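Here is the structure we will look at, set down as structure tokens.
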Amino acid sequence: MSAFTLSLPFQTPHQQQNPINKNHSFRSPPKPPSSNQKPTSDSPSYSSWIEQLRSHTRSGNFHEAISVYIDMTTAGLRPNNFAFPAVLKAVTEIQDFNLGEQVHGVVVKLGYDASSVTVANTLLNMYGKCGGLNDVLKVFDKITERDKVSWNTFIASLCRLEEWELALDMFRRMQFDKVEPNSFTLVSMSLACSNLENRHGVMLGKQVHAYSLKIGDTMSFTNNSLMSMYAKLGRIQDSVSLFEMFPGKNIISWNTMISSLSQQDLFQEAMAVFKLMILEEMKPDGVTISSVLPACSHLELLHHGKQIHAYAIRNNNLIENSYVSSALIDMYCNCREITIARKVFDRLVNRSLANWNAMLAGYTQNGFYDSALVLFFKMMEFSGLSANPTTMASVIPASVHCESFHDKEGMHGFIVKMGFSKDGYVQNALIDLYSRIGKINISRNIFDRLEIKDTVSWNTMITGYVVCGFHEHALDLLHKMNQRDETHDQNLEKVTCKPNSITLMTVLPGCAALAALAKGKEIHSYAIRNLLATDVAVGSALTDMYAKCGCLNFARKVFDEMPVRNVITWNVMFMAYGMHGKGDVAMSLFNRMVAEINPNEVSFISLFAACSHSGMVDEGLELFHKMKDKYGVDPTEDHYGCVVDLLGRAGRLAEAHELITKMPPRFKKLGAWSSLLGACWIHQNVDLGEIAARNLLEFESDVASHYVLLSNIYSAAGFWKKATEVRKTMIKNGVKKEPGCSWIEFDDEVHKFMAGDFSHPQSEKIHGFLEKLLERLKQEGYVPDTSCVLHDVNEDEKESLLCGHSERLAIAFGLINMPPGVTIRVAKNLRVCNDCHSAIKFISKVVGREIVVRDVRRFHCFKDGNCSCGDYW
DNA sequence: ATAGGGTTAG
């Protein structure tokens, strides 16, 4: 609506031309009252103008009412204390703040703001609904004879402007001025209290409640507001008591109760109240439906949800209610019935933004990222609606995970353009976006500049570091999150963000990757103290962490004590036993598992790996042959890869090769070929190794490990020239070998060592230590095996290169710094080479220490000159 | 006086 200026014709009565801008758009042009003569204030038709104005407002024709008002003033008539309330009400309803201000001007000129309480009160109401705080205060100040309505309107306006504290102050001043609060006042007060900080809100809320009892207020809306207030302040029990004791329950009481329970995540209870409502023959309306559906959604009560859907269609076509349809879509999506959700969506006649958003969220949350993006672009083009921050909170993750969508950073541009950059959800989603495209610094930048960091912000940032492999930073940030929590004002419960179960399961894989046992234990104790350890996901992550830190016993203990286990929990345990070379235990656990719960694809991958590392070829093959018929899991290309590894590692290379050739054609064979190549290196088979490498390099000429394995196979067989050639091709193709890297946790820090690396502060000491150690090893009978050294150098040099292998540096560091008797735990990013394996066996004997080395595939526990893997790995 | 759709995880 265009703004226009209204000058005051009565200020200079002789001036007859009127500068009203007639562009104001009205539905129907106003008709002046019957006579052609201009009415004057004392002519009989004056009252008919006023009456017309009032009747338009009364019957809801606000635009017409305003028209009459304008014509009236154009004609030089003064509005009176009947005209002003009518026009102000109309202005308020259509939210035309500009016109409101102009009418205000007229009111002031004519002195009604001080002389008529009714006019002043409607003015107050107008500013409360479409103005600002200053206007409200100014108008209220002017009223000399404040009545109860003035106070109530004033307080209600303050609430609408979210000035909760001020509203409460005014409640006190009202009583001080000897004006008795009534139901209207108490409704506003309940609303104000429910928006205060928790403890404070409850305290004042109880006073409001007591006040209502004192004045014997039994109005249903007072009771309903008090219920709502208690619920929002987390005092659901008080809310329920009010509900139960109140004799005058109406539909709104029921709805309030159901929605309050839903909002407090008390879904079972919400369902129970809903059922009671039906029993008491109270007819649910749209609000009821949209309050109870979230409960069905969270409890995944698809059946109930469908019944409610049917009810909504039968009764009054409640499905047309946008709240109802959004809740339905959400319910179906949460029950993973995306197709039904989409049908509901497609059949809607008018789609609200909430409908689109619910559908988009449903797609994203169920992993249908492409569908989410397609729908989003459709919405942008055809719906006539524009996205809001909620839309983008679903679209950003969809764009991040959608592989065929490339312009991920473009989303950020769009966000900025739309002005959504300061929305918390959007910012968190952007942090995730940048970390997943490897631009972790941008993530951190956004994170650092967040005005409010909630738990999700911290979790997302920590996950980002884990995703990018910066595990130390992840642990650092967890530490900071905790610090922040400790120093936080206990009164501000709403803004605290303690680590939750998601935080822990995000950061535990970081500990596992770093083999940071001490840190992992610290997190474990934190989980116990904060009652998070019983969470399935946390328990599974703890089990995994202990297993990957080499503490199989701890892993098993956590596993045994978990109150609930899911597929992932079991899979983690299989993997754990597999990495420790205990395939037999994994298999017997599997038999226990299938009595309780169905295995999935990952279960079989873990089990094959376990069998493979334990030489249990036949057990593994048997499982492979019956996984589909007995357990209903179709083998995938990954399973084939595992079985090729199983056969190959055991030296059954021909069978492994045959299995690859028999793979169903829909499968990619790369994984299987690379398993075979690895096996050819172990068993020194040049012919098959060449075949495998050829098949791999045709598609993956940029993977260093293929070149390295082939070249190692050649050198081990003495084909030095061929080995060198492979290495040259690799360099020519610009492929860089991933540098070997090992690490060890010491003194609350993870120390990293690269192969041939001299950057560590203790580097000199370590190398000196290793030189002396080498002499002692040789005395014990250690003979260096240089076959896996790629470089074509003389034997002496090779030996010193071997000494530089990163695992040896890490072990030496541990031996120098850690007290005797403490097990040395080292992790490595590549496989331990033959020579290091045999050297570490000797080291464990010479220094009398247990040494645990975890490489990419499994654990090696060295003790008294032996290794737990029995040289089979 | 009552109602909605969103971000993080294995």
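Placed from the backbone N, Cα and C atoms, the Cβ positions cover glycine too.
In TrEMBL, annotation is done automatically, which means it is predicted and not curated.
Given the structure is predicted, the values throughout are model-derived calculations rather than measurements.
According to TrEMBL, the compositional bias 'Polar residues' annotation covers A:1-23.
Among the features that TrEMBL reports, domain 'DYW' is placed at A:781-873.
Taken from TrEMBL, the feature region 'Disordered' applies to A:1-47.
Marked as repeat 'PPR' by TrEMBL: A:45-79 (among others). Confidence for the repeat 'PPR' (A:45-79), expressed as mean pLDDT, is 87.
Non-local neighbours of the repeat 'PPR' (A:147-181) in the same chain are 117, 120-121, 124-125, 127-129, 132-133, 136, 140, 188-189, 191-193, 195-196, 204, 211, 215; each lies 6+ residues outside the stretch with a CB under 8 Å from one of its CB atoms. Under the heading repeat 'PPR', TrEMBL lists A:147-181 (among others).
Across the range of the repeat 'PPR' (A:250-284), the DSSP-based residue counts are 26 helix, 0 strand, 9 coil. The repeat 'PPR' feature in TrEMBL is assigned to A:250-284 (among others).
Under 8 Å from some Cβ of the repeat 'PPR' (A:352-387) lie the Cβ atoms of residues 322-323, 325-327, 329-330, 332-334, 336, 338, 341-342, 345, 393-395, 397-399, 401-402, 404-405, 418, all in the same chain and six or more residues away from its ends. Summarising the annotation, TrEMBL assigns repeat 'PPR' to A:352-387 (among others).
In the repeat 'PPR' (A:454-484), helix, strand and coil residues by DSSP number 27 helix, 0 strand, 4 coil. For A:454-484 (among others), the entry in TrEMBL reads repeat 'PPR'.
Residues or ranges marked as repeat 'PPR' by TrEMBL: A:566-596 (among others). Same-chain neighbours of the repeat 'PPR' (A:566-596): 536-537, 539-540, 543-544, 546-548, 552, 555-556, 559, 602-603, 606-607, 609-616, 619-620, 631, 854, 857-859, 861, 868-870, 872-873, counting only residues six or more beyond its ends whose CB sits under 8 Å from a CB of the stretch.
Cβ atoms under 8 Å from those of the repeat 'PPR' (A:600-630) belong to residues 567-568, 570-571, 574-575, 577-579, 581-584, 586-587, 590, 593, 636, 638-639, 642-643, 645-647, 649-650, 652, 857-858, 869, 872-873 of the same chain, restricted to positions at least 6 beyond its ends. According to TrEMBL, the feature repeat 'PPR' maps to A:600-630 (among others).
Under DSSP, the residues of the repeat 'PPR' (A:566-596) split into helix, strand and coil as follows: 27 helix, 0 strand, 4 coil.
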